[in-house]
Amino acid sequence: MDKIIKTISESGAFRAFVLDSTETVRTAQEKHQTQASSTVALGRTLIASQILAANEKGNTKLTVKVLGSSSLGAIITVADTKGNVKGYVQNPGVDIKKTATGEVLVGPFVGNGQFLVITDYGAGNPYNSITPLISGEIGEDLAFYLTESQQTPSAVGLNVLLDEEDKVKVAGGFLVQVLPGAKKEEIARFEKRIQEMPAISTLLESDDHIEALLKAIYGDEAYKRLSEEEIRFQCDCSHERFMNALASLPSSDLQEMKEEDHGAEITCQFCQTTYNFDEKDLEELIRDKS
């Protein structure tokens, strides 16, 4: 079971979220049949969305769009405050580029572009916020977004590690944020600890990476666990939803589908589930329009 744990330092100067997103990213890889670099890029964006959604309340939905100029194309993810996230990468077949230590790089495949966050509070008029991609490695881009757009100094670490067959081995991350009222010496102490943290990939390799992340963030400093919540890859598509989408088409288009294709087949971009609509379904939609 994937989870996100929310914590706050005893002094109230900082808060931290730590995530285990292994099954989330594994499910995404299975559904989209992504290659190595596209798996890591999509996985990191899913984790980034889970972090942002954890910052929200109510029935808020967050869409993250990584709009890069390179071969991966767009990466789109949607997360809500109930722990659900879904997403896809435009070009899932982008393959591997590794460092000398075996780390999978995604920046060259993302390229230059924008990090766009759409926040929908469920009352209409979603709020859009855009910052430039500074590296294309997603974690650094999220930290820059939080610092620039939300004016909240933030440290972010997130990654997806693959096994020898390029299947998801482990995925997760953390967010640390300065809270109002933090003293300069507290900020300096935490900044030093973050700078001295082992690489996120090293922490994720630990037997209990959640505890390893918390230990790396807080050291010997006291903190409180505020909550532990389940997170998951979950798409909200349905036959009814796509039926409504077909209903928005002109009658002439529906008639053409009925006569030439004898139905319609729609595949959800977010989870690759296929929905079939027969001539009877199309006839019903045409009749409702008349």
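Each residue, glycine too, has its Cβ placed from N, Cα and C.
According to DSSP, Cys237 (disulfide bond) is assigned to coil rather than to any helix or strand. As annotated by Swiss-Prot, disulfide bond applies to Cys235-Cys237 (among others).
The Cβ neighbour count for Cys268 (disulfide bond), using a 10 Å radius and every protein chain shown, is 18. Residues annotated as disulfide bond in Swiss-Prot, with sequence analysis given as evidence: Cys268-Cys271 (among others).
Cα-Cα distance from Cys271 (disulfide bond) to Cys235 (disulfide bond): 6 Å (rounded to the nearest whole number). Distance between Cα atoms for Cys237 (disulfide bond) and Cys268 (disulfide bond): 7 Å, as a whole number.
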